[in-house]
Structure formats: C-alpha cells, structure tokens
Amino acid sequence: MKVRILGDPILRKKAQPVNDFAQVRAILEEFKMTMYAEDGVGLAAPQVGLSLRFFGMDDGSGFKMVVNPEIIEHSDEKELGEEGCLSIPGVFADVWRFKWVRVRYQDEHGTYHEELLEGYPARIFQHEYDHLDGVLFIDHLDTKTRTALSQQLKKIMEERKREMTK
C-alpha cells in the first residue's frame, strides 16, 4: 500500500462507514505492515486511498484496528503535544488535543468496544479520527505556525504533483 501525500484529494474527503468487515480483514496485514514500515503509530484508511472509516494505531501496547469510531465524550481540558503525519512527511508541530476521550468503535470483526483513552493514546486516536473527516493536523495550527510551515508544505505538494506526472 502506498501512503497518500498532502495534496491528494482523498485526504480531504469525509470517509464512508464500513459495512463489509471482511474487506477490512482482507487488507489488515498489508495495512498494518504499511503503518510499521513507515514508522507510524497510526494510519487511517484515506491515507492509503480508501475512503472508509477505519484506522490502525499502536500506542506501544500493540496494534489495534479501529472501525467506525466515535468520540462520545471528551475532557474540557486540552494539552499541547508534537504531532507529525505520514501524509505530510518531515513536518512536525505542536497541536492542542483533548486530554482524554471516551470512544466507541468496532474491531475488524465488527465487535463493539468502548474505552477511555488518556494522554498519548488519546492523541493518536484524535489525530487518526480527524483523517476520517478530511481534517489534517496542520488544520489545527495557529496562523503564525502555519505561515512558518507554508514553504515546507508547498514543497511537499509540488513533489507530490511531480510524482503524479511520472
């Protein structure tokens, strides 16, 4: 699987719910291998060209497939932390995220789970969840930070265009 890069229209689309869990299971190993091969802690389906509501994540406790996720509750308090994204290579910036989130999702078999995530796992979940709505971490940056990164972002998009015309 090839990771889609900033400028690819699928990264800005709202993904569709998963109804066919066999489809998710069929690509699970390749999806997981792609995430780890890219040194990621999370990977959302739109990042590999699939407009479906699922992502994989590993906060250090092992790989987890998250299908049709919902954030059902969150803290009032937010915390600042550095984020990067496989679809925006080489760009890192501090992003405000909820300190904790209560989430509901299905696994690759369709079984429902509900969890309270705090700290790093909550950050990964929120980052990947955003991808399913066409939101990238750079969309959360203040104007000053975004302006400072604008040349770097422009370069990434120009490189993607060159790759597409090869």
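Yeah, the Cβs are placed from backbone N, Cα and C, and that goes for glycine too.
Annotated in TrEMBL:
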BINDING   Cys85, His127, His131  Fe cation binding site
ACT_SITE  Glu128  active site
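Annotated features taken from TrEMBL, shown on the structure.
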| residue | record | Cβ within 10 Å |
| --- | --- | --- |
| Cys85 | Fe cation binding site | 26 |
| His127 | Fe cation binding site | 24 |
| Glu128 | active site | 24 |
| His131 | Fe cation binding site | 22 |
Other than Cys85, His127, His131, which residues of the chain come within 8 Å of the Fe cation site, judged by Cβ distance to the Cβ centroid of those residues?
Gly42, Ala44, Gln47, Glu83, Leu86, Ser87, Glu128, Asp130, Leu136, Phe137
Distance check, please: Cα of the residue listed as 'active site' against Cα of Cys85 (Fe cation binding site), rounded to an integer number of angstrom.
9
